[in-house]
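Undergrad: For reference, Swiss-Prot lists these features for the protein:
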| type | residues | note |
| --- | --- | --- |
| TOPO_DOM | 1-47 | topological domain 'Extracellular' |
| DISULFID | C37-C201 | disulfide bond |
| TRANSMEM | 48-68 | transmembrane segment |
| TOPO_DOM | 69-83 | topological domain 'Cytoplasmic' |
| TRANSMEM | 84-104 | transmembrane segment |
| TOPO_DOM | 105-121 | topological domain 'Extracellular' |
| DISULFID | C120-C205 | disulfide bond |
| TRANSMEM | 122-143 | transmembrane segment |
| TOPO_DOM | 144-166 | topological domain 'Cytoplasmic' |
| TRANSMEM | 167-187 | transmembrane segment |
| TOPO_DOM | 188-212 | topological domain 'Extracellular' |
| TRANSMEM | 213-233 | transmembrane segment |
| TOPO_DOM | 234-274 | topological domain 'Cytoplasmic' |
| TRANSMEM | 275-295 | transmembrane segment |
| TOPO_DOM | 296-309 | topological domain 'Extracellular' |
| TRANSMEM | 310-333 | transmembrane segment |
| TOPO_DOM | 334-358 | topological domain 'Cytoplasmic' |
Amino acid sequence: MSIADETVSWNQDSILSRDLFSATSAELCYENLNRSCVRSPYSPGPRLILYAVFGFGAVLAVCGNLLVMTSILHFRQLHSPANFLVASLACADFLVGVMVMPFSMVRSVEGCWYFGDSYCKLHTCFDVSFCYCSLFHLCFISVDRYIAVSDPLAYPTRFTASVSGKCITFSWLLSISYGFSLIYTGASEAGLEDLVSSLTCVGGCQIAVNQTWVFINFSVFLIPTLVMITVYSKIFLIAKQQAQNIEKMSKQTARASDSYKDRVAKRERKAAKTLGIAVAAFLLSWLPYFIDSFIDAFLGFITPTYVYEILVWIVYYNSAMNPLIYAFFYPWFRKAIKLTVTGKILRENSSTTNLFSE
């Protein structure tokens with residue numbers, strides 16, 4: 001999302017200060033229009049590098065999350081309430097890679113918006129909506145993991161497919177409603193009319209956000225974030241206690257193999273750890289952006305444009321991180337990827353393939 005990347009703090013510069021590169025002289029986004037925004041293009045070398053970096057992120061977000069969705073939806077062994085949440089999260093990140101990143105890439109490198117005023121607003125709505133959708137999904141996933149770790153045997157009856165569906169529906173409906181109401185009602189621009197008028201030009205895409213809405217945006221981000229931090233703190237305390245109890249019982253009984261309950265608890269702790277890393281990656285990507293946006297709104301938008309864009313693209317790259325995290329920690333996901341890319345997923349009864357080693 002780029003709530004702030006669409007705000008009054010944006011101008012027509014791109015991700016790194018043009019002064020850092022040998023840029024050509026200033027041009028216009030539309031040479032034949034008097035109201036055209038000024039464009040300061042990069043020289044060919046840096047321009048190619050930026051397109052490669054941003055394009056790689058978009059491709060990774062699209063392909064990686066598509067693999068996650070395909071794996072979970074195709075293989076029956078992965079059909080669980082928790083995994084459906086993960087697939088829905090991957091869908092939000094996939095849409096960032098398809099609907100947001102390519103257009104932001106052109107704007108960041110070229111310094112102009114070439115996709116029309118209507119799609120400027122729609123692009124911002126997608127940006128905001130998919131961001132908060134990811135956030136809400138991660139929050140619900142953390143609650144799911146807490147239930148699974150704290151009471152693994154009762155977990156299947158507490159977090160059912162119905163509960164998962166309600167969480168998914170809530171995440172999508174709330175985030176889309178919030179994103180579109182923020183942009184299309186014009187409430188975020190209240191009190192900034194003169195500034196908006198002075199910044200308006202053809203080839204620009206600035207959506208002004210006043211201090212009130214910056215505070216609301218930050219609050220909507222902060223509340224689920226605090227929930228996730230609190231829940232995962234409890235998860236790791238419980239996991240640590242369970243590990244100590246299992247070790248103590250193993251020594252006392254000298255048993256050769258773990259009980260079913262212990263194996264379930266171990267599996268749930270591993271899942272909680274992996275998804276905890278995904279949450280940590282999300283927070284590390286998003287916190288700097290939101291903190292800077294919040295402070296900057298009350299200091300007159302003094303943050304240099306290139307700093308904003310660096311933060312924004314760190315945020316965008318977060319959409320590509322989760323598939324990499326799953327691939328690193330989940331053997332079943334690596335096996336699913338292999339079956340998919342080799343075409344074996346097209347074979348008859350491939351959906352019943354055993355993806356787990358244990």
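Keep in mind that glycine also has a Cβ here, set from the backbone N, Cα and C atoms.
Bear in mind that the values here come from a model prediction, so they are computed numbers and not experimental data.
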Undergrad: Can you give me the Cα-Cα distance between C120 (disulfide bond) and C201 (disulfide bond) in Å, rounded to a whole number?
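TA: For C120 (disulfide bond) versus C201 (disulfide bond), the Cα atoms are 13 Å apart.
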Undergrad: Any idea what the Cα distance is from C37 (disulfide bond) over to C205 (disulfide bond), rounded to a whole Å?
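TA: Counting only the Cα atoms, the answer is 10 Å.
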Undergrad: Please report, as numbers and ranges, the same-chain residues at least 6 past the borders of the transmembrane segment (213-233) whose CB is under 8 Å from any CB of it.
TA: 3, 132, 135-136, 138-139, 142-143, 145-146, 178, 182, 187-188, 272, 276, 279, 283, 286-287, 290, 293-294, 297-298
Undergrad: Let's check the environment of C120 (disulfide bond): how many other CB atoms sit within 10 Å of its CB?
TA: 19
Undergrad: Can you break down the topological domain 'Extracellular' (105-121) into helix, strand and coil residue counts using DSSP?
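TA: Going by DSSP assignments, the topological domain 'Extracellular' (105-121) contains 12 helix, 0 strand, 5 coil.
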Undergrad: Hey, what's the Cβ neighbour count for C37 (disulfide bond) at 10 Å?
TA: 21
Undergrad: Using all protein chains in view, find how many other C-beta atoms are within 10 Å of the C-beta of C205 (disulfide bond).
TA: 23
Undergrad: May I ask which residues of the same chain, at least 6 positions away in sequence, place their Cβ under 8 angstroms from the Cβ of C201 (disulfide bond)?
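TA: When sequence neighbours closer than 6 are ignored, C201 (disulfide bond) has C29, R35, S36, C37 within Cβ distance under 8 Å.
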Undergrad: In the same chain, who gets a Cβ under 8 Å from the topological domain 'Cytoplasmic' (69-83) while lying at least 6 residues past its ends?
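TA: Tertiary neighbours of the topological domain 'Cytoplasmic' (69-83) are 90-91, 94, 141, 144-145, 148, 159-161, 163-164, 271, 332-333, 336-337, 340, 345, 350-356.
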Undergrad: DSSP helix, strand and coil counts for the topological domain 'Extracellular' (296-309)?
TA: 7 helix, 0 strand, 7 coil
Undergrad: To what whole number does the mean pLDDT across the topological domain 'Cytoplasmic' (234-274) round?
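TA: For the topological domain 'Cytoplasmic' (234-274), the model's average pLDDT rounds to 64.
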